[in-house]
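Feature list (source: TrEMBL):
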type	residues	note
SIGNAL	1-20	signal peptide
DOMAIN	59-298	domain 'Sulfotransferase'
ACT_SITE	Lys68	active site, for sulfotransferase activity
BINDING	Lys68, Gly69, Gly70, Thr71, Arg72, Arg151, Ser159, Tyr259, Lys274, Gly275, Arg276, Ala277, His278	3'-phosphoadenylyl sulfate binding site
DISULFID	Cys260-Cys269	disulfide bond
Amino acid sequence: MAALLLGAVVLVAQLQLVPSRPAVPGAELGQPELVRKAATLQGEIREGAAPNGSAQHLPQTIIIGVRKGGTRALLEMLSLHPDVAAAENEVHFFDWEEHYSQGLGWYLSQMPFSSLHQLTVEKTPAYFTSPKVPERVHSMNPSIRLLLILRDPSERVLSDYTQVFYNHVQKHKPYPSIEEFLVRDGRLNVDYKALNRSLYHVHMQNWLRFFSLRRMHIVDGDRLIRDPFPEIQKVERFLRLSPQINASNFYFNKTKGFYCLRDSGRDRCLHESKGRAHPQVDPKLLNKLHEYFHEPNKKFFELVGRTFDWH
């Protein structure tokens, strides 16, 4: 037993230093066999196998972003599928040094227990805009499948501001108006971080250095809000999951103003922090925002070979 424990520790230590590669080229969902076995073994040593025989596995799919694009909604909808096991919280393994320095063993410990037939998924929206993340994800698993959910860049900026604004309100702290962030010296403030996060082509170029488009699926966040079922069907096909999610799993909540979920007769909606009204913005300023994103959007469309119904 002592020999087995020592061997497992050595194997996991090597995984932290040596980039993993698939044991079989083109393996389904790209889980390298060496990583899978070592990860499962470590999960059993640290956590103990669950009574039903499940264990912790490194994710075969990551929702990489984008912030305020609808990542939580996407994860909740995907979790309706019985073959999906999702990490509850944003892990921030690849973008936070204090987490990444702890190695794959720590990352594994953040994953849910799942059966071998289930797909383990985690989502951290900050991954998409973090320059160092693509290479780190690729080093763990170059065949992983990535989900990216995007919405109109201008709307994403307003949602970004709205979230931070309400965070300050809850703490009884003052916060400037959105105009104070968007305008500087009479011009659009291009240094505003929320604007940079919406320059999708810049961040996409970084990801395409390490992953081909066939490893990535872009979810239309605006359509997911308006009509979620067709979008989630596309996600099922991309992940090669059997079609288990149905139109009956969604119903429109008139009070909240967006779709909620119905799972095994139980209704559930996203947290009250979702779907908040955006601040009123002067139409002229809004037009400036739309004009600013016009060329970046065109560049993004060319990169991915697809267009979106954005301003």
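Just so you know, glycine gets a Cβ as well, placed from its N, Cα and C.
Note that this is a predicted model, so its numbers are computed, not measured.
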**Asked** If you count other Cβ atoms within 10 Å of each one's Cβ, which of the recorded positions Lys68, Arg72, His278 has the most?
**Response** Lys68
**Candidates Ser159, Cys260, His278 (recorded positions) - the one closest to Lys68 (active site, for sulfotransferase activity) by CA** = Ser159
**Asked** Would you say which of the recorded positions Gly70, Ser159, Cys260, Cys269 has the most Cβ atoms within 10 Å of its own Cβ?
**Response** Gly70
